[in-house]
Amino acid sequence: MLFVKAPAKINLTLDVLHKRPDGYHEVEMIMTTVDLADRIGLERRDDGSIRISAADRFIPEDRRNLAYQAAELVKHTYGIAEGVTIRIEKNIPVAAGLAGGSSDAAATLKGLNKLWKLGRSIDELAELGAKIGSDVPFCVYGGTALATGRGEKIRHLPAPPNCWVILAKPKIGVSTADVYGNLKLDKLSHPPTEQMMEAIETKDYRLLCNSMGNVLETVTMDLYPEVRVLKEQMQRFGADSVLMSGSGPTVFGLVEHESRVHRIYNALRGFCEEVYAVRMLGERETLD
Ligand SMILES: C[C@@](CO)(OP(=O)(O)O)[C@H](O)COP(=O)(O)OP(=O)(O)OC[C@H]1O[C@@H](n2ccc(N)nc2=O)[C@H](O)[C@@H]1O
Ligand SMILES: Nc1ncnc2c1ncn2[C@@H]1O[C@H](COP(=O)(O)OP(=O)(O)O)[C@@H](O)[C@H]1O
């Protein structure tokens, strides 16, 4: 069995520029991977079929699974007759704004490149990933990046300044399409994307905290008021800066000093079942 790590991402910024004729939104967002990860196991099959084993009641084991779609795409694109069993050990909360499904798909692309000795470049795998979902190319690279287009155009950035990330997910799942669908394009408060890039490049933690912003945040908070409450609680407990990730509902808080991490973590555990204290992974990985 070949194992590949599939880390979650958070959005340090998420801006929407306009709605495109194809129905997608033109975005500008800065994303970074964190060390909360699913583990994907891949095993050859002689019968040519794709099988998913997920042992998680929230994710599908058929064609709807993004890892299945990744395997199907690789088989079709490169004419592979062999099959694969994909075992998904799920640690990333589902439908949470953390790109769990997209990261599983990205890990499957990278894993199959190895398992089937395809010799494809990471850029080619990222391009293939765009056919599965807007977040998949970023997940193929990982690290830190500015994503534009519908999210699939990636410009790599250096590692952000060191800090802790506390993730808290309310007990609801959010549909990304619903959130984009409820966005009022004439009422957006745009985050300072350029300033965030400067904060990352100069490793200025304070500037980074002051540059976070996500135009989808108020949309999700209006649909699910508990997300707003959770953000306020995390701010009150002393996180340096708090934001919702992606389309939500996960809220993350940055904390510079380790001594404060446990206090905030424990305080949140009082009324939120899913809380994680993690680190940013920083720079992107390369294929080995
Ligand atoms: C909001 C973000 C931010 O990172 O992530 P999540 O909250 O899902 O983690 C992404 O833009 C989500 O990317 P992803 O989840 O891959 O989206 P896709 O499968 O491509 O699209 C799902 C649906 O979201 C809407 N969509 C997505 C991307 C985009 N730029 N404009 C859109 O309008 C479309 O309605 C589309 O049908
Ligand atoms: N491997 C997978 N892991 C999680 N969800 C998946 C997967 N494949 C398909 N899905 C479906 O994709 C939807 C969005 O899941 P996910 O990627 O976790 O969230 P988000 O897009 O908010 O980051 C879920 O409702 C789930 O049914």
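Each Cβ is built from the backbone N, Cα and C atoms, and glycine gets one as well.
Under the heading active site, TrEMBL lists K9, D135. Look at TrEMBL and you will find P93, V94, A95, A96, G97, L98, A99, G100, G101, S102, S103 tagged as ATP binding site. The domain 'GHMP kinase N-terminal' feature in TrEMBL is assigned to 65-143. Feature annotation from TrEMBL assigns domain 'GHMP kinase C-terminal' to 196-272.
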Close-lying recorded positions around ligand 1 among K9, P93, A95, G101, S103, where CB distance stays under 6 Å: none
Field: In sequence order, the binding-site residues (P93, A95, A99, S103) whose C-alpha falls within 10 A of D135 (active site)
entry: A99, S103
- prompt: Out of G97, A99, S103, which binding-site residues lie by ligand 2, with a C-beta less than 6 Å from some atom of it?
  reply: G97, A99
Statement: Quick tally, other C-beta within 10 angstroms, A95, A99; top of the binding-site residues is A99
- prompt: Of the binding-site residues listed here (A95, G101, S103), which is spatially closest to K9 (active site) when Cα positions are compared?
  reply: S103
Field: Extra residues within 8 Å (Cβ to Cβ centroid of P93, V94, A95, A96, G97, L98, A99, G100, G101, S102, S103), ATP
entry: A8, I92, G246
- request: Tell me, roughly as an integer, the mean pLDDT over the domain 'GHMP kinase N-terminal' (65-143).
  value: 98
